[in-house]
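As recorded in TrEMBL, the features of this protein are as follows:
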TRANSMEM  38-64  transmembrane segment
DOMAIN    53-298  domain 'G-protein coupled receptors family 1 profile'
TRANSMEM  71-95  transmembrane segment
TRANSMEM  107-129  transmembrane segment
TRANSMEM  150-171  transmembrane segment
TRANSMEM  191-211  transmembrane segment
TRANSMEM  250-269  transmembrane segment
TRANSMEM  281-300  transmembrane segment
Amino acid sequence: MILNASDLGWDESSGSDPFFPLDKLESTPEYEVPPLTVWGVALCISGTLIATENAIVVTTILATPSLRAPVFLLLASLGLADLLAGIALILHFLFLFCVEPSDWSELVTSGLLVTSLTASLCSLMGVALDRYLSLSNALTYGSSQSRHRAAILLLLVWLGACIIGAGPAMGWHCLGMPNSCSVARPLTRTYLSLLCGGFLVVVMITLQLYAGICRVARRHAHAIATQRHFLPANHSYASKHSSGRGFSRLILVLSVFVGCWMPFSLWGLLGDASSPPLYTYATLVPAAGSSLLNPILYSLRNKDIRKVLLQACCPHRYTQNTQTNYPADV
């Protein structure tokens with residue numbers, strides 16, 4: 001809604017400032033902040049929760065010198081990406097309900113969100129790759145060479161994510177060209193199609209890595225089964241129970257991963273600017289919700305990260321064990 005000066009109660013009889021003529025003031029449109037909606041409140045709350053929990057994870061990993069294995073570098077990268085996603089949601093809320101939106105605000109929030117979601121998805125693929133390599137090469141896992149490779153991988157991931165996220169600000173947007181818009185304005189349909197196509201490729205690679213993890217785990221389980229008659233009965237039961245819990249957790253992680261990322265990736269390829277916005281929100285919310293669930297499914301399940309957090313919360317009641325638990329816990 002556009003308001004004129006007369007709508008705001010200006011008194012013409014009071015005279016006018018020669019530097020600000022009244023006729024120009026009356027013709028200047030005033031922006032009215034839209035009323036707060038349930039969607040806006042949910043947007044702000046979810047962004048705050050995402051930013052808070054991921055900030056805790058990133059701070060915990062970076063402030064603890066013992067958490068320097070490759071998997072912790074990947075989890076820190078995942079937490080940083082999801083932290084940026086939460087900040088992007090908060091900025092979107094502020095630009096939408098608190099200040100007057102502009103073209104640059106749309107480009108900033110969309111670029112930041114694309115960067116964070118791209119880095120988050122690629123970090124999830126890196127976590128899957130780390131799990132696969134740690135099971136296949138258990139003897140060399142955690143070496144300085146492995147950490148060096150993980151650092152290079154993360155550098156490439158973030159470099160690629162920043163380049164992709166800079167696309168809208170570099171001119172790959174549909175502002176002023178509504179016919180070229182995608183389901184997620186201001187991204188063009190070509191840009192979003194390439195982005196979602198890349199997301200699907202990363203999802204497929206990640207699923208292949210988890211399939212490889214299952215194959216390696218089955219080989220390990222078969223090797224344990226062949227030696228079962230050498231093990232005590234309680235040890236054999238514990239191995240079976242641990243294996244069953246591992247596969248249950250794997251199914252849970254894969255279900256959340258596919259459920260969060262597949263809907264928006266497919267909708268971005270199939271939809272266009274004329275599609276109902278409700279469908280876009282319905283598919284984008286799970287992708288953003290992935291940033292809320294990732295710390296719970298990946299970081300907070302790790303025993304070493306939980307130890308650090310418990311020691312920080314209850315330093316007099318919890319004694320930290322210096323033994324490091326490696327990727328099987330992650």
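Keep in mind that glycine also has a Cβ here, set from the backbone N, Cα and C atoms.
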- Query: Would the transmembrane segment (107-129) count as touching the transmembrane segment (38-64), if touching means at least three Cβ pairs under 8 Å and pairs must be 6 or more apart in sequence?
  - Reply: no
- Maximum Cβ pairs under 8 Å to the transmembrane segment (191-211) - stretch from the list 38-64, 150-171, 250-269, 281-300: 250-269
- Message: Check the transmembrane segment (281-300) against the transmembrane segment (71-95) for contact, please; criterion is three or more CB pairs under 8 Å, pairs 6 or more apart in sequence.
- Response: yes
- Note on the structure: Tertiary contacts of the transmembrane segment (150-171), defined by C-beta under 8 angstroms and 6+ residue spacing from its ends, are 70, 73-74, 77, 81, 107-108, 110-112, 114-116, 118-119, 122-123, 126, 130, 186-187, 191, 195, 198
- Outside the transmembrane segment (71-95), at least 6 residues beyond either end, the same-chain residues with a Cβ under 8 Å of its Cβ set are 40, 43-44, 46-52, 54-55, 57-58, 61-62, 101-102, 105-106, 108-109, 112-113, 115-117, 119-120, 123-124, 126-127, 130-131, 134, 147, 150-151, 154, 157-158, 161, 288, 290-292, 294-295, 298-299, 302, 304-305, 326-327, 330
